Amino acid sequence: MNTSSSSSFSSAPPRVLSRIAVLATGGTIAGSAHDATRTAGYQAGVVGVAQLLAAVPALSTLANIHAEQVASIDSKDMSLALWTTLVQRVNALLATDAVDGIVITHGTDTLEETAYLLHLTVQSTKPVVLTAAMRPSTALSADGPLNLLNAVSVAANRAAHGQGVLVAFNNRIHSARDVVKTSTFAVDAFHSPEVGALGWVQDERVEFLRGVLRPHTVSTGLTIEPVAADGWPMVEIVASYAGATRLQVDALVQAGVRGIVVAGTGNGSMHVSLQQALADALARGVAVVRASRVGSGHVMHNGAAPDDALGFVTANSLNPYKARVLLMLALAAGHAGPAELQRAFDLF
Ligand code: SIN
């Protein structure tokens, strides 16, 4: 899609448009309801990428768009196999000279997980920008078209190079590491609770207010190559809550789990029953990472409690879902033992 035009009255050189690949995976941005007033009852992931692009004619003045339909799913159903496909496709496209950046349309529900996976495994400094919508494409005041336009603006902007994987949503630009979905229905559904947005995008203007400090993309040394060859290591999440028992942990160990992330209380603390079960799991070679169910803040070593002595790793400021992504990649890369895994969590 390139409809750039030149005017015989203009002496300005023709603008060279960035070549942006738009990879569609489904989500509410591609959702459809039978009635424009419905913003909760709709089917996600049914509108094709050509239709999404056609709803934003202004895209043709921003970029040369190459579109691909990678999947058509509700992102609650994101699979490890589709993650593999997506990472491989993104890396293959970015390795060519024909693509300057990538925009991925995605459901909001697991966007933060996919974004962080790409942040750790994309082998390029070219921009990769995820976007989504809270209202289906058929809704009054659908938010998808403007989010898509803004995501392409960011991907086409030089300032987005080398910033890792980004999320453009509701005029803000977030780092994939920090961003989380914080509302079930609000249009302003994504925030970076600890550190705030990286910048903003509006009317084609893109401004970064800070940079990304932790290693990402080309500097992580993490890839999905071992994953693609052997399959993803089984890593699951269990939560701690009043009256938690050891039942889930024991069942997971029985099933051959390689790692468990705890969505703990407060500073990643956990019910004593869970703690004992996880200590037993660790003794059988299962990696244990303490994250928090709180929603913001770091998980620190707690010294006085036995968690550190037991060999539980702390998730730093990653939420349980992102901690699981890192733990899977680290285990696949052969990182083993609490000290080595802790280094990965402190670094990324
Ligand atoms: C999904 O995650 O695919 C559905 C929900 C959404 O995109 O907001």
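Backbone N, Cα and C atoms are what each Cβ position is placed from, and that goes for glycine too.
According to TrEMBL, the active site, O-isoaspartyl threonine intermediate annotation covers Thr28. Under the DSSP three-state reduction, Thr28 (active site, O-isoaspartyl threonine intermediate) is assigned to helix. The Cβ of Thr28 (active site, O-isoaspartyl threonine intermediate) lies under 8 Å from the Cβ of Tyr42, Ala44, Gly107, Thr108, Ala132, Ala133, Met134, Arg135, Pro136, Gly144, each on the same chain and at least six residues away in sequence.
Here TrEMBL flags Thr28 (among others) as active site.
Taken residue by residue with DSSP, Thr108 (active site) is part of neither helix nor strand, so it is coil. What TrEMBL records for Thr108 (among others) is active site.
As annotated by TrEMBL, substrate binding site applies to Ser75, Thr108, Asp109.
Regional average pLDDT for the domain 'L-asparaginase N-terminal' (19-210) in the model is 97. If you look up TrEMBL, you'll see 19-210 marked as domain 'L-asparaginase N-terminal'.
The domain 'Asparaginase/glutaminase C-terminal' annotation in TrEMBL covers 235-345.
Around Asp109 (substrate binding site), the C-beta neighbours below 8 angstroms that are at least 6 residues distant in the chain are Gly27, Asp74, Ser75, Lys76, Lys181. Taking all protein chains in view, 22 other C-beta atoms sit within 10 angstroms of the C-beta of Ser75 (substrate binding site). Sorting each residue of the domain 'Asparaginase/glutaminase C-terminal' (235-345) by its DSSP state yields 46 helix, 23 strand, 42 coil. Shown in sequence order, Gly27, Thr28, Ala44, Asp74, Lys76, His106, Gly107, Thr110, Leu111, Ala132, Lys181 are the same-chain residues outside Ser75, Thr108, Asp109 whose Cβ sits within 8 Å of the Cβ centre of the substrate site.
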